[in-house]
Amino acid sequence: MGMLIKNGNVVMVEDGKIRKMDVLIDKGIIVEISPEINRSDVEVIDIEGKFLIPGLIDMHVHFRDPGYTHKEDIHSGSNAALAGGFTGVLMMPNTDPPPDNATVIYYWKEKSKSIPLNILFSGCITKNRAGKELSKFYELKEAGAVAITDDGNWVADGAVFRHAMEYAAALDLLVITHPEEPTIANRGVINEGYWSTVLGLRGIPKAAENIAIYRDIEIAKMTGAKLHVAHLSTAEGVRLVAAAKKLGLKVTAEVTPHHLVLTDEALAGYDTNLKVNPPLREAEEQKALLKGLLEGVIDVIATDHAPHASYEKNVEFNDAPFGIEGLETAFPVLYTELVLKKKITLEKLLLKMTVNPAKILQLPKQGDIKKGNYANLTVIDPKLTLKVSEELLVGKSKNNPFLGRTLTGWPVMTVYQGIVAYQRLLKGVQ
């Protein structure tokens with residue numbers, strides 16, 4: 001049976017337009033978009049007063065499966081993604097065992113095949129993410145990997161990374177770098193600056209990120225490979241990516257919601273849910289990130305969804321793991337803090353969360369609301385205001401930095417290939 005979504009404020013991202021339209025879906029495909037469509041032989045869903053947007057695509061999630069399923073697993077992570085309005089995610093490889101061979105990719109594929117979510121897979125750059133010996137990229141690509149990364153670790157050996165980039169270029173594989181020079185980061189836990197001094201915590205200098213980005217871009221220039229810079233957090237990093245783009249290099253970059261809306265001042269209370277890597281930076285760095293986003297230097301907003309069990313986070317700040325739970329609150333955080341405050345338009349925000357990640361990951365018929373595209377869609381209620389609580393979150397872990405915050409503009413329905421995969425039930429959570 002088909003589906004007709006009526007009276008939605010449809011955001012056509014690439015056109016930069018919001019129009020009140022009806023959308024007809026048949027066999028998982030958008031077959032018609034028109035001001036008025038009337039059909040009695042399909043399921044009709046009236047979304048008067050709400051936005052219909054392309055399903056969000058997150059290029060950076062950690063589902064912790066296999067190896068750390070007390071934090072998250074593919075099913076719970078997928079539930080969190082769908083609740084957040086996402087219809088596509090790219091899984092990172094810091095699992096145990098890691099996907100440095102086809103076996104883990106096949107495990108992921110088998111476990112995710114019945115889930116109504118486009119789950120994409122990354123393979124490791126090096127065996128065991130140890131930075132020494134290359135994984136078999138061809139085998140990983142044949143198994144289904146769309147990118148390679150040692151995320152969580154930077155490939156510090158320049159010769160190894162050069163060979164990886166040459167190998168990836170030959171296979172047209174995207175390389176995602178985690179830019180942090182470890183000897184400069186030197187076991188820091190927050191941004192090096194005023195707040196690290198006040199709080200008595202070891203700082204992570206911005207130079208650790210900047211030096212890694214500089215080296216990786218230089219190797220991208222040597223090899224012609226596609227390089228994606230994960231979780232930018234510094235003004236200098238933005239400048240380096242901008243310079244690479246001006247040279248015509250195949251370099252793209254992402255930023256997280258938390259780096260766009262929070263600064264290191266938020267750590268004054270030693271909240272371990274705000275302990276992330278890269279760390280939250282000063283307001284000046286945050287302004288540069290937003291400027292880079294608006295100017296097109298930063299292509300993508302990605303959550304870096306990194307769940308941890310409560311007992312792992314409820315320890316001394318130095319001992320707590322890095323990472324936050326980010327999928328479920330990403331859109332309302334950005335809508336509340338950026339769109340409603342007129343720092344970015346809804347259309348431009350969605351460009352970074354739908355069209356651009358679809359292009360970078362080479363996902364055909366995804367990322368926008370167009371005739372012939374897959375019916376991967378999200379309904380947003382722009383007036384729905386909810387207080388973030390542990391009870392509201394559906395993922396396994398609750399390490400969300402926005403707990404207690406009141407946010408507006410929540411996903412209320414997620415449609416994957418013409419099937420309602422998630423619907424928000426509001427009773428008892430407002």
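Backbone N, Cα and C atoms are what each Cβ position is placed from, and that goes for glycine too.
Marked as Zn(2+) 1 binding site by Swiss-Prot on the basis of sequence analysis: His60, His62, Asp151, Asp304. Annotation source Swiss-Prot lists substrate binding site at His62, Phe63, Arg64, Asn94, Asn277, His308, Phe322, Gly323. Annotated Zn(2+) 2 binding site per Swiss-Prot: Asp151, His178, His231, in sequence order, evidence recorded as sequence analysis. Residues or ranges marked as active site in Swiss-Prot (evidence: sequence analysis): Asp304.
Here the features listed in Swiss-Prot are painted onto the structure.
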residue	record	CB count, 10 Å
His60	Zn(2+) 1 binding site	27
His62	Zn(2+) 1 binding site	25
Phe63	substrate binding site	31
Arg64	substrate binding site	28
His178	Zn(2+) 2 binding site	24
His231	Zn(2+) 2 binding site	23
Asp304	Zn(2+) 1 binding site	27
His308	substrate binding site	27
Phe322	substrate binding site	15
Gly323	substrate binding site	24
List of residues, in chain order, with Cβ under 8 A from that of Asn94 (substrate binding site) and at least 6 apart: His62, Arg129, Asp151, Gly152, Asn153
Using Cα positions only, nearest of the binding-site residues to Gly323 (substrate binding site) (His60, His178, His231, Asp304): Asp304
Local backbone state of His62 (Zn(2+) 1 binding site), from DSSP in three classes: coil
Of the binding-site residues listed as His178, His231, Asp304, the one whose CA lies nearest the CA of Phe63 (substrate binding site): Asp304
Cα-proximity to His60 (Zn(2+) 1 binding site), 10 Å cut-off, over binding-site residues His178, Asn277, His308, Phe322: none
Cβ neighbours of Asp151 (Zn(2+) 1 binding site) where a neighbour is any other Cβ within 10 Å: 23
All-chain count of other Cβ atoms within 10 Å of Asn277 (substrate binding site): 19
Listed binding-site residues Arg64, Asn277, Asp304, His308, Phe322, filtered to Cα within 10 Å of His231 (Zn(2+) 2 binding site): Asn277, Asp304
Residue pair Asp304 (Zn(2+) 1 binding site), Arg64 (substrate binding site) - Cα distance, angstrom, rounded: 12
Asn277 (substrate binding site) versus His178 (Zn(2+) 2 binding site) - Cα distance in angstrom: 10
